[in-house]
Structure formats: structure tokens, C-alpha cells
Amino acid sequence: MLKPFCEKMSIKRKSKYTLGVLLLASFLAIIMGLANVPMAQTSPQIPVYKVVGNADLSNPGSASYWSQIPWINISLTANIPMAPTSGLTHYLLVKAVWNGSWIIILERWYAPEPAFGAWSAAAAALYPPASGPGLFRQIMLTPGTTYTIEKNYTNYFSIVNGNIIQGRLVLNYSGILLPAPNDTQITVLSNGTIILWHSPRPIEDLLYSDGMFYGYYTNNTWYYPDRAAIMWYMGSVIPPTKDGMNIGGKVPGQAFDGVTFNDTGGSLVQPGGAANIWMWVSGATWNNATYDPAFKVNLWQNTSLTGLPYIDPDNHGFAVPLYTNNTNMYEVDTAGIWYTPVTTSGLNGSLFFIWTGATYQNGYWTVEFARPLAVPSAYAKWMPNITVGKTYYVAFAVWQGKLGETLFDKSITSNFLTLELVTTPPTSTTTSTISSTSVTTTTSITTVTSIPSTTIYVTIVGVVIAIIALIILYVVFRR
């Protein structure tokens, strides 16, 4: 009579052991999976610390409070994978403060070859005598790209190595044919590499789609300005999952040389997305009369050239205020020097609302952005008010123009990072050493690598499952 009961107890005990082993294995699998996601990366954040004092834009980073604020090391990646002129800046150092009425953001990055003297093409277009590097872009086509001149296009002309030839230029890469617009100009280097002169947005889209875009061409005398930008997300989808921009035409639905472009270059990929962008440009907004050609000719004090009804107060450095959404990229002023203006009237002073100061020393750019926390009501549709208690999603980009980065060819954060105004003092951080061929500096650094929000959600779900598994194990073995 006891044997069946003993067998039943044995089976019950074995069932417990089996269930326990399965749950334990599941628990370990979850832990191993979570181990592959560094916990320091699950909540990327830029704290903006409360300080007493103002920005010193004449000497960025020199204000006494900066020495108490830790650097945050933000990883950057190539905007165009595999392009040799994309992703040249691997990390960006950032720290931020607020003083009750202004937010001040300090950036620093390694730049072995500063783009001194290069015009911003948009600024150069306002000044007819402009000369020197940066007046327009030149594209290096993918090695192996060839060309022919199709003579049956009798109304077309092409320019090859300075010679005007009747016929239409057709590019060929691995059997993919791309007929070029009328009056297309190319230079063929001695090694067969093709350099395309000028680059309207639609052309860049077509070249990129057909695998012919290799990068922007530079040499010792032709290059582009350096840039740094901060994107402030203002869209309806929270949190945003993408900070990328479309490559496309100049306006939505643009018809160019027989091709219609649905997307506009610079418009946001994120559905429901919108953002304000602060763009510093060494060849237009630096306020350095020696190396910034726009300030050298006093461009921003000349309303007859800029088309603006106001001038740059005190001729200080600034960041171009941009606004982008799913439709287009815009400029938050009335002239539309870089992009289409958001409106044709009002917005007095908006182009120079964000102040900047910049220095280049020992192989590093240091750029300081300063902006009032509150914006005028006329700006509020395109610029965020920044307040305590709110989380902001920001992204960063850097261009090294001397090395070929310009326009959509840049180094970017792979996702948005959170930014908040805080009232607590900075936390202690590990001291790290930044080394390069030209400078060695010891500074406090917190490393932040942006990861997709989906990874964060998976991590949280995994932790919850692990806790539930432990509870089940406890209940099973307690019985």
C-alpha cells in the first residue's frame, strides 16, 4: 500500500526538480542576455547643473564653474556607413549648466585639421566677392564609376576637365546608369576618379541611391567649414526612436530632371517628428575676423546683403536656429539664408538669438552655446522653452570640413539622449585620460553611449521576468 504513495511522492519531487531546473535555466539565460547591455548605457542622460555666473564666450570653458562640472563622453557614429568621409569624429565631450535664466552647453572634440578660412556656401552666396574654399561642394564618385557622353541629346552640354562637350553625361557604376542633368561638370583625376562639381540635393540623393556617392572631395585648397549642431526634439512621439534625416529634394515632391523626390533633404525620418537645431559654423558664425570669412567682411552687420531687418548685436558669435519636421528643413528667421524661412515677417533678432563662442587649441575645438531658457512667444513654435522638471531629448552632430564632412556627411549620435535641468551638485566621476598625437589632457569624464529605447524596454522586461522566476522557484520548493 505504501509503494504507490512513495512513487507518487517521488514523481512529485522529480516534477519540482524539473520545473526548478527549467526556471533556473531561464533565469540564467535572462541574466546572460542582460549582461551584454552595460547598465551605464540604459539611461543616457545629460544633467544640466545649476550654477552662479554667466557664460564667457570670449574664452569658452574658462568660467570658474566649468571646473566643477564633469565631462560626458558621447559616442558618435558615421551618418553614411562605409563612406570614408563620414564618422570622422568618434566622440564628443559635453557638459552643461544653467544659471536661472540661461542654459549654457560646452562641447569639445578632436579635430586634427581645422577648416580655417572656409566659407559656408550659404553665407558666401550673400557676398558676391566671396572667394576661397567652401563656395560649393564637390563630390568624389565611388571608385570604378565611369562615364560616357551620349551625343543623341543634342540640347545637352557637359563639361569634362574644363572642356565643353555637346551631349549628355551618363555615369555608370557596376551597370547602373545615371544620366546627369544638363551642364553637369566633372573632373577626371589621373587615377580615373571622377569629381562632380556642385551638388544640388537631388543629385546627392540619386548618387547615394545608386551607390556612386563616395564622399565629398577635398584637397589642400578646397574644403568645407567645420560645424557642430545640437538637435532638440519637439515632436509628438515620446520618446523618439530615430534622430535620422531624409536625403531628398529641396522641397517636398520636387521634380528634378525627370525624377520626383517624395522626401525633402533634411526632413526628419521619425514619424510625427519635429526638432529645433542649433548649428555653429566656423565659416559663418564663429566671430573670428581672421579665420571666419563672413565675420572678416562684417557680413552680419550689413542688412542690405543678409535681407534681414536686424543685425547681429555686438557682432557676437551665434548658432543658426533651424527647425525640421517630416516635411522640410527650415530656418527660424525671415531671410532664409541656409534654408527656407519659417515665416516672411516678424521674428526680429531670431537668427542671432543663440550665442556662441569658439576656440581652437592643441588639436581641439571648444565651442560654447548659450541661450535664454525662455523664448519669445513669436519663436515658441520653432524653439523649445527649457524648464526645470521636464525631460528633453537631444542629439549631437559634428562635421570636420577639412577632411570632407559637410551637409549630410557627418558624425552623429546614433539616438536621442535625455537632458534635464537639475538642482543637485555634480556627482563624482572617474578621472580618465584623453590622449592624442597633439595633446594629453586629464579631465573628469562620464561615458555615455546612446542605445535604442527598445533595448531599454527589453532590459526592464527582462528584470521583471527574472524577479517573477525567483518568486515561482520560492513557491515551488516551499511546498
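Cβ atoms here come from the backbone N, Cα and C positions, even for glycine.
The annotation transmembrane segment is assigned in Swiss-Prot to 19-39 (among others).
Asn73 (N-linked glycosylation site) counts 17 other C-beta atoms within 10 Å of its own C-beta, drawing on all protein chains shown. The feature N-linked glycosylation site is assigned by Swiss-Prot to Asn73 (among others), with sequence analysis given as support.
A coil conformation is recorded for Asn99 (N-linked glycosylation site) in the three-state DSSP classification, outside any helix or strand. Around the Cβ of Asn99 (N-linked glycosylation site), a 10 Å sphere holds 17 further Cβ atoms from the protein chains shown. Per Swiss-Prot, the feature N-linked glycosylation site maps to Asn99 (among others).
DSSP assigns Asn152 (N-linked glycosylation site) to coil in the three-state reduction, placing it in neither a helix nor a strand. Under 8 Å, Cβ to Cβ, and six or more positions away along its own chain, Asn152 (N-linked glycosylation site) finds Gly167. Residues annotated as N-linked glycosylation site in Swiss-Prot, with similarity to another entry given as evidence: Asn152 (among others).
The secondary structure of Asn172 (N-linked glycosylation site), as reduced to three states from DSSP, is extended strand. The annotation N-linked glycosylation site is assigned in Swiss-Prot to Asn172 (among others) on the grounds of similarity to another entry.
Taking a C-beta cut-off of under 8 angstroms and a sequence separation of 6 or more, Asn182 (N-linked glycosylation site) has the following same-chain neighbours: Asn155, Tyr156, Phe157, Arg168. Sequence annotations record features per position, and here Swiss-Prot assigns N-linked glycosylation site to Asn182 (among others) based on sequence analysis.
Feature annotation from Swiss-Prot assigns N-linked glycosylation site to Asn191 (among others); the stated evidence is sequence analysis. There are 6 other CB atoms within 10 A of the CB of Asn191 (N-linked glycosylation site), with all protein chains counted.
The Cβ neighbour count for Asn219 (N-linked glycosylation site), using a 10 Å radius and every protein chain shown, is 9. The N-linked glycosylation site annotation in Swiss-Prot covers Asn219 (among others).
Taken from Swiss-Prot, the feature N-linked glycosylation site applies to Asn262 (among others). Around Asn262 (N-linked glycosylation site), taking its Cβ as the centre, 10 other Cβ atoms fall within 10 Å, counting all chains.
The N-linked glycosylation site feature in Swiss-Prot is assigned to Asn288 (among others). Residues near Asn288 (N-linked glycosylation site) in space but far in sequence (CB under 8 A, at least 6 apart, same chain), listed by position: Phe295, Ala358. Annotation note: Asn288 (N-linked glycosylation site) sits in a coil segment as assigned by DSSP.
Listed in sequence order, the residues of the same chain lying 6 or more apart from Asn302 (N-linked glycosylation site) and placing their CB within less than 8 Å of its CB are Ile311. Taken from Swiss-Prot, the feature N-linked glycosylation site applies to Asn302 (among others), supported by sequence analysis.
Proximity of Asn325 (N-linked glycosylation site) to non-local residues of its own chain (separation of 6 or more, Cβ distance below 8 Å) is seen for Gly235, Ser267, Leu268, Gly273, Ala274, Ala275, given in sequence order. Here Swiss-Prot flags Asn325 (among others) as N-linked glycosylation site, drawing on sequence analysis.
Of all Cβ atoms in the shown protein chains, 12 besides its own fall within 10 Å of the Cβ of Asn385 (N-linked glycosylation site). Residues or ranges marked as N-linked glycosylation site in Swiss-Prot: Asn385 (among others).
Taken from Swiss-Prot, the feature transmembrane segment applies to 456-476 (among others).
Its own atom aside, the Cβ of Asn172 (N-linked glycosylation site) has 15 Cβ atoms within 10 angstroms in the protein chains shown. According to DSSP, Asn182 (N-linked glycosylation site) sits in a coil region rather than a helix or strand. Per Cα geometry, Asn385 is the residue among the glycosylation sites Asn73, Asn99, Asn219, Asn385 nearest to Asn262 (N-linked glycosylation site). Across the structure, Asn191 (N-linked glycosylation site) and Asn385 (N-linked glycosylation site) place their CA atoms 53 angstrom apart. For the pair Asn99 (N-linked glycosylation site) and Asn73 (N-linked glycosylation site), the C-alpha distance works out to 23 angstrom. Comparing CA positions across the glycosylation sites Asn73, Asn172, Asn385, the one lying closest to Asn219 (N-linked glycosylation site) turns out to be Asn172. For Asn172 (N-linked glycosylation site) paired with Asn73 (N-linked glycosylation site), the C-alpha to C-alpha distance reads 42 Å.
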